[in-house]
């Protein structure tokens, strides 16, 4: 199992894509997605089905957990990468068969009389608004509905429906498919694919074999049709039947009732389209006015935050520079006299680099923060370039995991060197490196294990199989932990950062403060939160409402703004603490920017209450809160690391610029 997982999430296709990007030449270039297919007239294509999903419960279930028709050759699972497995995807083959450019109406099967369990399950899935997710040539099926005179686009179709004011439930048992095809004649085109079918290049030498039809759209109109089960049960699968329109009367629809036999049928219509294969995902990623919201949010955040932070930053820089210039202009006698009259941050010169409380925990959290921050930056950059498009299911999560594993070496180096800098000796670097390797993954493992038991109890496909648990543990202990220890070894051997001033043996007494320090720390987190809360809404909608998120360019801009603001906020708060003669800046520098995670978690709860009002049941709420906690925890480590490293550099520069004995 672990070997299969390693093969499925191998970075080799990505490396090949980068190599080919630099050497390939052609009249057109398609970046990246799944490998392009062309089909000949009458060629058979089979649709695939993914897990049933619902925005009400957020628990996926297998398609064949319901009494649907099964393929003649049996159920066969598709190869899935690590990201798909972690997201709860379960992609199986289906009995839905299409012949290119052949319009037909076909019979699938008639079930036996529904027993009590099947009836109860169908009704429950219908009332929980579960959707069937079907794919053809890697394109999710799409449907359109009218709501208040506006056409709304959805992916998937419902298991059934419950008309208003009626207690009966009705199953969707007839599907009217429309497949959009583009007639393609091979030209001098080079294509790089990084999707589930692997990577490859199609050059002009292959153009003769490339002519045919490409699938560029997959739509469905779901219907509930009452059939004569006795008559249809005598037919064979794929027998041609008469086309039927979706009935409007409930008497002609198929009710879900015990001992009721359900007949499944479908129509397929092929329509020629001018949509080209590289543009076929545009229909799924259409934003309409959404882009304006992103730009408005970014420009508003940029203007307000940079203006306010810039003013504070410039003012305090001028103050510091004036103090330093004034001090340097004095002769030695005047400097000695001035040292006796020091005030503000100059008074803590003998304590500013005093060892903080819980130094080992601080080093561990900074190391993990570097690892998470590095993973986030590289992932978003690659996603912005298009290497992790929605066409490649699970690629984003797989890439994040691989990057996190290999960035363990950076985490170990930073944590061990910071430990050596604080302590002055390298002794103890092994325990620091071990804790760095196990702290954040350990927290994630504990939370995910609890959530997994919840999913196991609900028999959801979102539950990780025990084999995948062991595979993840193997990746953790065989890649991440050794690399973290290697990084720790290098960091312990590296030269420590020398402090510019000596630390007094007796700590200086800290004057009473007008305001509690934790209040300033909490207030500091509001500024970074202002840069990301709009983008956070779109990300939460993508995760919990099943929408595609692809605007990684906007996300990259927001990330840059977030890094800048976290750095500024932390430096300003550190300077304010030093000015009131409080030398305990280490942890406050971390939490000044890391406190944004509190607002992220509170916003997630707000999103649950006001935007996910359809979410039902304590199990769904536990899953949501658990995943939101992990997200906020990771954000705290990453943003806190930005603030701490910037403040450390600032304090080091500040006290190295003036010599005070």
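Cβ atoms here come from the backbone N, Cα and C positions, even for glycine.
Taken from TrEMBL as is:
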type	residues	note
SIGNAL	1-28	signal peptide
TRANSMEM	295-317	transmembrane segment
TRANSMEM	370-388	transmembrane segment
TRANSMEM	394-414	transmembrane segment
TRANSMEM	434-456	transmembrane segment
TRANSMEM	468-492	transmembrane segment
TRANSMEM	518-544	transmembrane segment
TRANSMEM	550-573	transmembrane segment
TRANSMEM	585-610	transmembrane segment
TRANSMEM	622-655	transmembrane segment
For this session: Given the cut-off of 8 Å on Cβ pairs that are 6 or more apart in sequence, determine whether the transmembrane segment (518-544) and the transmembrane segment (468-492) share at least 3 such pairs.
Result: no
Exercise. Hey, which bits of the same chain come close to the transmembrane segment (370-388), Cβ under 8 Å, at least six residues off its ends?
Worked result: 14, 17, 31-32, 194, 395-396, 399-400, 403-404, 407-408, 410-411, 414, 440, 552-553, 555-556, 559, 634, 637-638, 641-642
For this session: Among 434-456, 468-492, 585-610, 622-655, point out the range having the most Cβ pairs under 8 angstroms from the transmembrane segment (550-573).
Result: 622-655
For this session: Could you tell me whether the transmembrane segment (622-655) and the transmembrane segment (394-414) are in contact, taking contact to mean 3+ Cβ pairs under 8 Å with a sequence separation of 6 or more?
Result: no
Problem set entry | Intrachain neighbours beyond the transmembrane segment (468-492), with Cβ under 8 angstroms and 6 or more residues off its ends | 1-2, 5-6, 85-86, 367, 401, 404-406, 408-417, 419-420, 426, 429-430, 432-434, 436-438, 441, 452
Exercise. Looking only at residues six or more beyond either end of the transmembrane segment (434-456), which have a C-beta under 8 A from one in the stretch?
Worked result: 59, 360, 363-365, 367-368, 371-372, 408, 411-412, 415, 462-464, 469, 476, 480-481, 484-485, 488, 619, 622-623, 626-627, 629-630, 633-634, 637
